[in-house]
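Asker: Checked TrEMBL, it gives:
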BINDING   115, 117, 122, 161  Mn(2+) binding site
BINDING   117, 122  oxalate binding site
DISULFID  34-52  disulfide bond
DOMAIN    66-216  domain 'Cupin type-1'
SIGNAL    1-25  signal peptide
(Lines of atoms letter the chains of each structure in order from A and count residues from 1; the text may use other names and numbers.)
(Lines give C-alpha, C1' and ligand atoms only; values in the text may rest on other atoms or scores of the structure.)
Protein backbone atom coordinates (compact mmCIF):
# COMPACT_ATOMS: atom_id res chain seq x y z
CA UNK A 1 0.00 0.00 0.00
CA UNK A 2 2.86 2.31 0.89
CA UNK A 3 4.49 1.58 -2.50
CA UNK A 4 1.36 2.67 -4.35
CA UNK A 5 1.15 5.84 -2.28
CA UNK A 6 4.80 6.68 -2.97
CA UNK A 7 4.29 6.08 -6.69
CA UNK A 8 1.25 8.36 -6.80
CA UNK A 9 3.27 11.05 -5.02
CA UNK A 10 6.29 10.78 -7.31
CA UNK A 11 4.47 10.23 -10.60
CA UNK A 12 3.55 13.92 -11.24
CA UNK A 13 7.19 14.93 -10.70
CA UNK A 14 8.45 12.18 -13.00
CA UNK A 15 5.97 13.23 -15.67
CA UNK A 16 6.97 16.89 -15.39
CA UNK A 17 10.66 16.01 -15.60
CA UNK A 18 10.01 14.14 -18.85
CA UNK A 19 7.86 16.89 -20.33
CA UNK A 20 10.30 19.70 -19.57
CA UNK A 21 13.60 17.90 -20.02
CA UNK A 22 15.72 19.31 -22.88
CA UNK A 23 15.31 17.48 -26.19
CA UNK A 24 17.99 17.76 -28.86
CA UNK A 25 17.48 16.42 -32.39
CA UNK A 26 21.05 15.10 -32.46
CA UNK A 27 23.16 13.89 -29.50
CA UNK A 28 25.79 16.17 -27.99
CA UNK A 29 29.48 15.64 -28.72
CA UNK A 30 31.95 14.34 -26.16
CA UNK A 31 34.80 15.80 -28.26
CA UNK A 32 35.57 19.22 -29.73
CA UNK A 33 34.67 17.83 -33.15
CA UNK A 34 34.21 14.56 -35.02
CA UNK A 35 35.46 14.89 -38.59
CA UNK A 36 33.64 12.24 -40.62
CA UNK A 37 35.69 9.27 -41.80
CA UNK A 38 34.29 8.88 -45.33
CA UNK A 39 36.74 6.16 -46.36
CA UNK A 40 35.42 2.73 -47.37
CA UNK A 41 36.43 1.39 -43.96
CA UNK A 42 34.40 4.12 -42.25
CA UNK A 43 31.38 3.52 -44.46
CA UNK A 44 31.38 -0.19 -43.60
CA UNK A 45 30.32 0.61 -40.04
CA UNK A 46 26.63 1.17 -39.31
CA UNK A 47 26.39 3.94 -36.72
CA UNK A 48 23.95 6.69 -35.78
CA UNK A 49 26.15 9.15 -37.64
CA UNK A 50 29.62 8.56 -39.03
CA UNK A 51 32.85 7.41 -37.36
CA UNK A 52 35.45 10.02 -36.47
CA UNK A 53 38.91 10.56 -37.83
CA UNK A 54 41.80 10.69 -35.41
CA UNK A 55 41.72 14.38 -34.26
CA UNK A 56 45.42 14.61 -35.12
CA UNK A 57 44.48 14.14 -38.78
CA UNK A 58 41.92 17.00 -38.84
CA UNK A 59 42.66 19.83 -41.29
CA UNK A 60 41.06 23.26 -41.87
CA UNK A 61 39.68 22.00 -45.19
CA UNK A 62 37.50 19.53 -43.30
CA UNK A 63 35.52 22.45 -41.90
CA UNK A 64 34.98 24.36 -45.16
CA UNK A 65 33.01 23.77 -48.34
CA UNK A 66 32.05 25.63 -51.50
CA UNK A 67 29.26 23.22 -52.44
CA UNK A 68 26.59 25.86 -51.80
CA UNK A 69 28.20 28.46 -54.04
CA UNK A 70 26.86 27.02 -57.30
CA UNK A 71 23.19 27.05 -58.42
CA UNK A 72 21.56 23.66 -58.71
CA UNK A 73 19.84 22.26 -61.78
CA UNK A 74 16.13 23.06 -61.42
CA UNK A 75 15.22 21.75 -64.89
CA UNK A 76 15.51 18.12 -63.81
CA UNK A 77 12.70 18.47 -61.25
CA UNK A 78 9.01 18.55 -62.25
CA UNK A 79 8.35 21.23 -59.64
CA UNK A 80 11.23 23.46 -60.77
CA UNK A 81 13.49 23.35 -57.73
CA UNK A 82 16.80 21.90 -56.59
CA UNK A 83 18.21 21.39 -53.09
CA UNK A 84 21.96 21.12 -52.47
CA UNK A 85 22.61 19.74 -48.99
CA UNK A 86 25.91 19.70 -47.12
CA UNK A 87 26.68 16.01 -46.69
CA UNK A 88 29.50 14.52 -44.65
CA UNK A 89 31.44 13.97 -47.88
CA UNK A 90 31.24 17.69 -48.72
CA UNK A 91 31.68 19.01 -45.17
CA UNK A 92 33.13 16.27 -42.93
CA UNK A 93 33.85 18.71 -40.11
CA UNK A 94 30.09 19.13 -39.56
CA UNK A 95 29.74 15.47 -38.59
CA UNK A 96 28.05 15.08 -35.17
CA UNK A 97 27.59 18.85 -34.82
CA UNK A 98 23.81 18.55 -35.13
CA UNK A 99 23.46 20.83 -38.14
CA UNK A 100 23.16 20.92 -41.90
CA UNK A 101 23.04 23.63 -44.55
CA UNK A 102 21.09 23.59 -47.77
CA UNK A 103 20.95 25.77 -50.87
CA UNK A 104 17.48 25.92 -52.42
CA UNK A 105 17.24 27.05 -56.05
CA UNK A 106 13.84 27.67 -57.63
CA UNK A 107 13.20 28.25 -61.32
CA UNK A 108 10.89 31.06 -62.41
CA UNK A 109 7.54 30.19 -60.87
CA UNK A 110 9.13 27.12 -59.22
CA UNK A 111 7.76 25.43 -56.14
CA UNK A 112 9.17 23.34 -53.31
CA UNK A 113 5.91 21.48 -52.65
CA UNK A 114 4.52 20.76 -49.18
CA UNK A 115 6.98 18.58 -47.30
CA UNK A 116 8.30 17.96 -43.79
CA UNK A 117 11.64 17.31 -42.07
CA UNK A 118 11.02 14.73 -39.33
CA UNK A 119 14.29 15.39 -37.51
CA UNK A 120 14.91 19.13 -37.79
CA UNK A 121 13.66 22.67 -37.52
CA UNK A 122 14.69 24.91 -40.41
CA UNK A 123 15.40 28.59 -40.92
CA UNK A 124 15.51 29.84 -44.51
CA UNK A 125 17.25 33.04 -45.63
CA UNK A 126 16.33 34.41 -49.07
CA UNK A 127 19.42 35.29 -51.13
CA UNK A 128 17.62 36.68 -54.16
CA UNK A 129 14.16 36.55 -55.69
CA UNK A 130 10.62 36.81 -54.39
CA UNK A 131 9.35 33.90 -52.29
CA UNK A 132 6.09 33.00 -50.62
CA UNK A 133 6.78 30.58 -47.77
CA UNK A 134 4.59 28.99 -45.18
CA UNK A 135 3.84 26.09 -42.85
CA UNK A 136 0.77 24.45 -41.34
CA UNK A 137 0.67 23.65 -37.62
CA UNK A 138 -1.08 20.70 -35.99
CA UNK A 139 -4.30 22.70 -35.59
CA UNK A 140 -4.22 23.19 -39.41
CA UNK A 141 -3.49 26.91 -39.09
CA UNK A 142 -1.50 28.29 -42.03
CA UNK A 143 1.38 30.72 -41.41
CA UNK A 144 2.63 32.44 -44.58
CA UNK A 145 5.06 35.25 -45.36
CA UNK A 146 6.35 36.90 -48.50
CA UNK A 147 10.14 37.13 -48.37
CA UNK A 148 12.41 39.71 -49.94
CA UNK A 149 16.21 39.30 -50.22
CA UNK A 150 17.70 39.23 -46.74
CA UNK A 151 14.46 38.09 -45.08
CA UNK A 152 14.39 34.87 -43.06
CA UNK A 153 11.63 32.50 -41.97
CA UNK A 154 11.47 29.58 -39.52
CA UNK A 155 9.81 26.24 -40.26
CA UNK A 156 9.21 24.34 -36.99
CA UNK A 157 10.38 20.78 -36.74
CA UNK A 158 8.23 18.14 -38.40
CA UNK A 159 5.58 20.55 -39.74
CA UNK A 160 4.50 20.60 -43.38
CA UNK A 161 5.87 23.65 -45.22
CA UNK A 162 6.51 25.01 -48.73
CA UNK A 163 8.45 27.62 -50.71
CA UNK A 164 7.03 29.19 -53.89
CA UNK A 165 8.83 31.52 -56.30
CA UNK A 166 6.25 34.22 -57.06
CA UNK A 167 8.23 35.62 -59.98
CA UNK A 168 7.21 33.88 -63.24
CA UNK A 169 10.20 35.35 -65.10
CA UNK A 170 13.21 35.08 -62.77
CA UNK A 171 14.74 32.41 -60.51
CA UNK A 172 15.12 32.60 -56.74
CA UNK A 173 17.59 31.15 -54.27
CA UNK A 174 17.65 30.69 -50.50
CA UNK A 175 19.97 29.08 -47.98
CA UNK A 176 18.64 27.08 -45.05
CA UNK A 177 20.09 25.97 -41.75
CA UNK A 178 18.72 22.81 -40.11
CA UNK A 179 19.44 21.58 -36.61
CA UNK A 180 20.17 17.99 -37.59
CA UNK A 181 22.99 16.36 -39.50
CA UNK A 182 20.37 14.23 -41.25
CA UNK A 183 17.07 16.17 -41.20
CA UNK A 184 15.27 13.85 -43.60
CA UNK A 185 12.57 14.97 -45.99
CA UNK A 186 9.17 13.61 -46.94
CA UNK A 187 7.48 15.23 -49.94
CA UNK A 188 3.74 15.01 -49.43
CA UNK A 189 2.85 14.47 -53.15
CA UNK A 190 5.49 11.78 -53.58
CA UNK A 191 4.63 10.06 -50.30
CA UNK A 192 0.99 9.86 -51.34
CA UNK A 193 1.31 9.01 -55.03
CA UNK A 194 4.82 7.68 -55.66
CA UNK A 195 5.55 5.33 -52.74
CA UNK A 196 6.99 1.90 -53.50
CA UNK A 197 4.96 -0.21 -53.24
CA UNK A 198 2.13 2.19 -53.87
CA UNK A 199 -0.59 3.07 -51.40
CA UNK A 200 -3.71 1.04 -52.33
CA UNK A 201 -5.81 2.86 -54.91
CA UNK A 202 -8.94 2.59 -52.78
CA UNK A 203 -7.19 4.38 -49.93
CA UNK A 204 -6.15 7.26 -52.22
CA UNK A 205 -9.62 7.47 -53.76
CA UNK A 206 -11.31 7.73 -50.37
CA UNK A 207 -8.68 10.05 -48.89
CA UNK A 208 -8.63 12.63 -51.68
CA UNK A 209 -12.17 12.02 -53.02
CA UNK A 210 -10.84 11.30 -56.51
CA UNK A 211 -11.17 8.55 -59.08
CA UNK A 212 -8.69 5.95 -60.26
CA UNK A 213 -8.27 7.96 -63.45
CA UNK A 214 -7.35 11.02 -61.37
CA UNK A 215 -4.79 8.98 -59.47
CA UNK A 216 -3.15 7.71 -62.66
CA UNK A 217 -3.01 11.23 -64.08
CA UNK A 218 -1.39 12.58 -60.92
CA UNK A 219 1.14 9.74 -60.86
CA UNK A 220 2.00 10.40 -64.49
CA UNK A 221 2.41 14.12 -63.85
CA UNK A 222 4.78 13.29 -60.97
CA UNK A 223 6.94 11.22 -63.29
CA UNK A 224 5.45 7.81 -62.55
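Backbone N, Cα and C define each Cβ position, glycine as well.
I'd like these features described in context: how deep, what's nearby, how far apart.
Answerer: Of all Cβ atoms in the shown protein chains, 26 besides its own fall within 10 Å of the Cβ of residue 117 (Mn(2+) binding site).
Neighbour density for residue 122 (Mn(2+) binding site): within 10 A of its CB lie 22 other CB atoms from the protein chains shown.
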Asker: Can you grab the distance from residue 34 (disulfide bond) over to residue 122 (Mn(2+) binding site)? Cα atoms, rounded to a whole Å.
Answerer: 23
Asker: So which of the binding-site residues is most packed in, judged by how many other Cβ atoms lie within 10 Å of its Cβ, out of 115, 161?
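Answerer: Sorting the candidates by Cβ neighbours within 10 Å, the top entry is 161.
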Asker: Taking only the Cα atoms, work out how far residue 161 (Mn(2+) binding site) lies from residue 52 (disulfide bond), in Å, as a whole number.
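Answerer: Given the Cα positions, residue 161 (Mn(2+) binding site) is 34 Å from residue 52 (disulfide bond).
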Asker: Taking the Cβ of residue 52 (disulfide bond) as the centre, count every other Cβ atom within 10 Å, in any protein chain shown.
Answerer: 20
Asker: Compute the C-alpha separation of residue 115 (Mn(2+) binding site) from residue 52 (disulfide bond), stating it in Å without decimals.
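Answerer: Cα-Cα distance, residue 115 (Mn(2+) binding site) to residue 52 (disulfide bond): 32 Å.
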